[in-house]
């Protein structure tokens, strides 16, 4: 039986790391064999691309070059890790997937959405997560949390307006989406964890 693909999405400071651990523990308790991934990254080549995407280099990275590197990293991960794991009946828990590009590059960078949809269809076809959990947070709150963790990477250093556009696109993508659940990430850690666990429990009941 094919495994399932669950993805966590959200802005910086939304609490994805904590949420990841909550879901991982819940899936393992349910007897699932879980493979953990992150984007960009997850394969040797994809990790090299991650470094180029997230850190300043001697050469300025254009928005479209950034986008293409993200998709190159993504297809490496999907073809070499995610699809084989699902075929073996394993469950995959991902830190970000294609929705990040739709939100960050389509919303934040304001790259043409037709181009994004064309890239998505060309690279991924109809492959998509079985469940996306989006941790929603006001960008000002999230960035304050992120700054508290230390030095910000190239993406995290974008303007507040960039993140408000990104959040708006996330909401457009997740509202009325049967395969997505929106979690209010500004609640207490305990309540966020409880809401996530409920979403996963509901999914486990219907996952076949």
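In case you wondered, yes, glycine gets a Cβ from its N, Cα and C as well.
What Swiss-Prot says about this protein:
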type	residues	note
BINDING	10, 11, 12, 13, 14, 15, 16, 17	ATP binding site
Could you say whether, by DSSP, residue 10 (ATP binding site) belongs to a helix, a strand or a coil region? strand
With a 10 Å radius around each C-beta, find which of these binding-site residues (14, 16) has the fewest other C-beta atoms nearby. 16
Filtered by Cβ under 8 Å and at least 6 apart in sequence, the residues in the chain of residue 12 (ATP binding site) near it are 142, 143, 145, 146, 152, 155, 156, 163
Looking only at DSSP and grouping its letters into three states, which state does residue 17 (ATP binding site) belong to? helix
Neighbours of the ATP site 10, 11, 12, 13, 14, 15, 16, 17: Cβ within 8 Å of the Cβ centroid, same chain, sequence order. 135, 137, 142, 145, 146, 185
